Amino acid sequence: MKFIDEVKIQISAGDGGNGVASFRREKFIPRGGPDGGDGGHGGSIYALADHNLNTLIDYRFTPVFRAKRGENGRGSDCYGKGAEDIVLRMPVGTIITNDLTGELVADLEHDQQKVLLAKGGRGGLGNLHFKSSTNRAPRQFTHGEAGEQFELRLELRVLADVGLLGLPNAGKSTLIRAVSAARPKVADYPFTTLYPNLGVVRVDAGHSFVMADIPGLIEGAAEGAGLGHRFLKHLGRTRLLLHVIDVAPFDENVDIVHSARALVDELRKFDETLYRKPRWLVFNKVDMLPEDEQQAVCTRLLQAMNWQERWFAISALTGRGCQALIYAIMGHLQQLQSDSEET
């Protein structure tokens, strides 16, 4: 199924039904009192988070939703029937904003989270409500209220604990295949990954975390070059970023340090908050280097980048170093959780 992560929709809740002016008409009761019933309420529109969904593609083809109006009231004190509500199922991680004002309407963070998007109009009042000691035969009634109408923007941001950053062909997809059950496409050409992939990394029977792989970034991504800029927003909810670097590129003219710095610059240009997230370096494809040069290459890169944070040397293809990496990630996430509980 095609991955669609941003759409616009129009929603219109139903109007309330009208009240009615009616009088009791029975044999031997020539002057029956008012018995006009109220109108039914219009249908409301809700959003419901569903963890079984992972794309907004359905809303690309059906962008307009209108709930029905409530029935009008009737005589004999009969109330009009309320209209049924509409429930729009959306993936967990969907952010809903008012497209005209930019106001946040809802952030669907949990499965089965239900949020009112547009409230149906209340039904009008029948003339029974207007009876008084001075007005025994009122003819007043009220019309139903209009339902709310909005133009909304739906934006899906995947929910993951760890996000993978890197240039095209850095080996991010191979890494997520190596440590999880996810099976993204892997090939020896740029932009094999065309949309985010999620993988659940099971460390042991009781511990796991979610890893997200987005399309590779290239220089100028913040201005729209390549594919990755569109998907950087999906890393906004992560708690840790892994900057995956290919230490053995096929093109020997590639300046690894320059490329790594360029990616970090793109991150900073796109979102300062994302740039400030905890970030580790992961040197991938070390198995492609002569064994006696592997440590020296990593050390040279660390010095050139003036890197003081955590780093790992792995081979996503052979699995070398991957176990130590995922245990370190799990420990980091547990520490973050512990710190948040203390505060």
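The backbone N, Cα and C atoms fix where each Cβ goes, glycine too.
Residues or ranges marked as domain 'Obg' in Swiss-Prot (evidence: sequence analysis): 1-159. Averaged over the domain 'Obg' (1-159), the predicted model has a pLDDT of 88.
As annotated by Swiss-Prot, domain 'OBG-type G' applies to 160-334.
Around the Cβ of Ser315 (GTP binding site), the same chain contributes Asn284, Lys285, Val286, Asp287, Met288, Gly321, Cys322, each under 8 angstroms and 6 or more positions distant in sequence. Here Swiss-Prot flags 166-173, 191-195, 213-216, 284-287, 315-317 as GTP binding site.
Per Swiss-Prot, the feature Mg(2+) binding site maps to Ser173, Thr193; the stated evidence is sequence analysis. Ser173 (Mg(2+) binding site) carries a helical DSSP state (H, G or I).
Local packing around the Cβ, expressed as the count of other Cβ atoms within 10 angstroms, is greatest for Lys172 among the binding-site residues Lys172, Lys285. For the recorded site, Lys285 (GTP binding site), the DSSP three-state label reads coil. Geometry remark: Gly166 (GTP binding site) versus Ser173 (Mg(2+) binding site), CA distance 10 Å. Here the binding-site residues are Asn169, Ser173, and the one with the most other Cβ atoms within 10 Å of its Cβ is Ser173.
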